[in-house]
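Q: Per TrEMBL, the feature domain 'NADH:quinone oxidoreductase/Mrp antiporter transmembrane' maps to 23-287. Residues or ranges marked as transmembrane segment by TrEMBL: 56-76, 96-114, 121-144, 150-170, 234-253, 273-293, 321-342. Residues or ranges marked as domain 'NADH dehydrogenase subunit 2 C-terminal' in TrEMBL: 289-342.
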Amino acid sequence: MSPYALSVLMSSLAIGTITTLSSTHWFLAWMGLEINTLAIIPLMTNKHHPRATESATKYFLTQATASALILFSTAINAWTLGEWTITNLNPMSSTILTIALAMKLGIAPFHLWLPDVLQGLNLMTGLILSTWQKLAPMALLILINHQLNSNLLVTMAILSTIIGGWGGLNQVQMRKIMAYSSIAHLGWMILILTFSPTLTILNLMIYILLTTSMFMMMINLYSTNINKLATSWLKTPTISASMMITLMALGGLPPTSGFLPKWLILQEMTKQHMSLISTIMAMSALLSLFFYLRLSYTISLTTAPNISNSNLMWRTQLKPLSALSTTIVLSLLLMPITPLLLTIT
C-alpha cells in the first residue's frame, strides 16, 4: 500500500475514535464510528486474497447493521425526549443501543463474526481490530453506564466468558485464539461496567497492553498457528520465553498484570453480594486459562529444544519491533503499582 494512502487511513482511524470520544451529541458519535469502520476496510483488503475480501465483507455488514441500530435507537430517543444528548436515554433506546454496541465490539451472543474476520487479516490489521477498534464503542458504553440494563450486561458477560473460553479450546490458529481471548476479556469488562466504570477502564488498558504484546511477538516470529509457534524457540528464545509469560498473563495468573483486573472485579462483585456470578466467572476463566497454558507448553516444554527440517531465518535477521520491550514489561509488572493505577483511572 502507498505510504500516502496508509497515512490517510491511519489518520482517519484516529480522527474517528477521537470524534466519538469527544462528542456529546449522538449523531457526532455515530459519525465517528462510521469513519472508523470505513477507514479500516481498505487495510483489511490490502492483502489481495479471497479470505481478506471475505473478512472485509463480513466486517462491513456486521458494522453497518450495528450502526443502523445505533442510529435507530438514538432517533427513537430524540423523538421521545426531544434531545440528542448522549447522557440522556430512555429504557428502550438504552437496550437497543447496548445490543448495537455489543455487536460492534463482538460481545456474545453477537460474537460470531469476530473469529472469522480476524482469521482472514494480516497480523498488523488484526492488532488494530483487536485493540484500537474497541476504544470508541467501549467509550460510549462507559459514558452511558448509569443508564444501562445491568441484568442484560451481566447475562452477556457470562455468555462471553464461557463462549470465549470454550471456543478457544480446539483452535490451532493463533488469530482465532486471540479472537476468542478478546471475547472473554470483553465479558469481564462489561460485567463490572454498571458497578465500577473505573475497573472497566483499567481492564481495557491492561487488555490492550497484553494483546499488543502478543500480536507484536507473533509478527516478529511470523507465527500464525501452533505448529509455527512450536519452532519459535529456534528463532528467538528470549521472545519465546516472553510470549510464554504473556500468555499466562492473558490467562490471569498471578503475579502478572493480567491477574490484577480479574482480582479487583471479583472483589467488587463479591461486595455487591453477587457471589454466584463471581463463581461462574472465575470458573469460566479456567477454560481460557487451559488453552493459554497449552500454548505455553507448546512453546517451552514439549517441543523445544528441537531441530526443525524447514528453512528457518537466522536469528540475526529478526528485528524486534521498537515498542515490543516496553509492552512486554508493562504486561508483566503492573501488579506492584495497583494503587497508583486505580488513582489514575
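Numbers here mean position along the shown chain, with the first residue as 1.
Including glycine, each Cβ sits where the backbone N, Cα and C put it.
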Q: Would the transmembrane segment (273-293) and the transmembrane segment (234-253) count as touching if the test is at least 3 Cβ pairs under 8 Å, pairs 6 or more apart?
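A: With 3 or more qualifying Cβ pairs, these stretches touch.
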Q: Ranking 96-114, 234-253, 321-342 by the number of C-beta pairs under 8 Å to the transmembrane segment (121-144), which range is first?
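A: Stretch with maximum Cβ contacts: 96-114.
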Q: For the domain 'NADH dehydrogenase subunit 2 C-terminal' (289-342), what is the mean per-residue pLDDT, to the nearest integer?
A: 70
